[in-house]
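Working notes, beginning with the structure itself.
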Amino acid sequence: MCGIALIVSGIRIETSWLPLDSTSSTRKTEKLLFSFDDLKAALRRRGPDSVCAKKLILQSEENLISSFSDDGVSSSERDNADDIHTAKLHFFGAALQLRGIQPLIQPLVDTSGNILVYNGEIFGGFHLESDCNDTEFLMRTLGECCSCASCSAGLCVECGKSSVVGVLSTIKGPWAIIYWQDSSRTLWFGRDGFGRRSLLVHWPTEDDSTFLLSSVSPVSPVQQATEDEIRNGIGCLSYWEELPCGIYSLHVDVSKSGGYLVAEVKMHEYANCMLTELIKWDRISVEPSSEDLKTCCHKLSRGQRSIYQASSESVPNETDSVQSAVPVSAHILLDALKESVLRRTSLYTIYQAVISGIRQEEFVPVAILFSGGLDSMILAALLDKCLDPHYEIDLLNVSFDGHLAPDRQSAKAGLNELRRVAPSRKWRLVEIDADLSDLVFETSHVVSLINPANTYMDLNIGIALWLASGGDGWVSDANTSDNDDNHVRTKYKSNAKILLVGSGADEQCAGYGRHRTSYRRGSWLGLHEEMRLDMQRIWRRNLGRDDRCIADNGKEARFPFLDEDVIRLLLNIPLWEVANLDQPIGIGDKKILREVAKLLGLYEAAVLPKRAIQFGSRIARESNRKNFGSNRAANQASAGSVRISSKSNFC
């Protein structure tokens, strides 16, 4: 993982083709003031192993462009670096190295003058050896691409080489990239089709012509807004935007009239038809026939009877009847999810253990953001099957109400169930307790992390994720499967750098209350459209924010439910086998995942209702009391959607 950024000045960038409401050159934003050091500090928190910067200078002379790296600029060229024929590109990279056996410092610069900063993981599409660093691999692969700045096909029709668009479209896994191709004088940037890695953009505007890309904002506009701006609502405007998923290019040229440097932003379609189909999110079978529903309900009733039998100690052999009652589609999904977890946990080395001085037997490579709910329980059970048995697994659970929070109670119950299905594994429940009134500095910091998200709901989720991923909590001395809250707890901080997160499960399997509402209003087609809307906006509403909050602790979030193969499989399964919202809560919602849980022996988790982290941890309740006076007042004000616009809430 890496924190990446780019600052471009001196190029007149044409963005008229972009959506007018967000990128018009006449749009004004509040001036966001930060230094290079501020940006480096924000990126370093994401990539604590190394931080570096490279400066590229472009100069135009007689309609030709010359490029010089920071180290290759003469004193006379430095003197001319501010004239109208000169542009500066500042690349920043801060690495958290999880793959490879040698230290790697970004930005990477090859012998051809190409520059790469990359934040991502290659889990498929290309074959990488287990000791290979994917950033180095990508640099070599991109260096072999054609130099046609306008080539958008997978292969260049002129030279037969792979194109940059073709290479990026082939990657399976999360990524965000900034790449300078020197031979074509083209800047490439973008993020994967589902936005699993954050990349913010500031398009040039009337009052700020600088073009910026960054994994995270160094500061928040709310914190720098004046009292007048807050009063007039200007402080709510965002300097940054989430870069829409896609591949973009900036081909730098010389203006025919003035000789200054110009560029036009172009967006390229992914050159992978299977990926574009996933992004469209069209399901093969949406509306069932009456016979389909009759068969589905019959299987459901058989499965429910088997659960009650299998959970009874007096009928120890009924697990086989549960397995046989579960539809074939759930068996196939279980295999796909297991493979997804394996991809995300097997391609690591002990590099992190070596550089941090942790003995291998004490090293915890992977942890889970753990509520004890359906999604995190499935991930935990699958991780047990994929991870070397001598490693412990940290289960990170955050609470703003001690042992009374619903997520803390379900986490303890989930721990007992995991001990039952995987008794040889060493599980460690890390209890992260927080008091919102004590988190003044931390809250202000998270405001900048969630930016450009700016509602109290975003802030509540962001704080909970930030604290949980930090892994700084307590572990109980209890080694038995009881729920006694009087056990002695000792301080503990998880050193796991890879965190499995359940994002994408609710969107794909109808886990939200709005899905039930859409089903009531529009039946199966209405449900499908609502789920598709969720998947097509998950990059904007969830993943960028979550990536920034988790990565700020020097941890990398990985999303097994958002694996390309898992998404494709779920779209190939009839909707009525994925969810049946005629059934009660805890049965029909995320039906197929509940069946997967049964196959894993997680019978208690299989019937748990959906509970969002802000409610399960009780941060929403505490935030409502702090910012609105009471839960009732907050509900009347629709607190979750209220924008954060006053500094007095944090200072």
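Placed from the backbone N, Cα and C atoms, the Cβ positions cover glycine too.
Among the features that TrEMBL reports, domain 'Glutamine amidotransferase type-2' is placed at 105-215. For the domain 'Glutamine amidotransferase type-2' (105-215), the mean pLDDT of the prediction comes to 90.
With helix defined as DSSP H, G or I and strand as E or B, the domain 'Asparagine synthetase' (523-615) counts 59 helix, 3 strand, 31 coil. According to TrEMBL, the domain 'Asparagine synthetase' annotation covers 523-615.
Look at the domain 'Glutamine amidotransferase type-2' (105-215): DSSP puts its residues at 20 helix, 32 strand, 59 coil.
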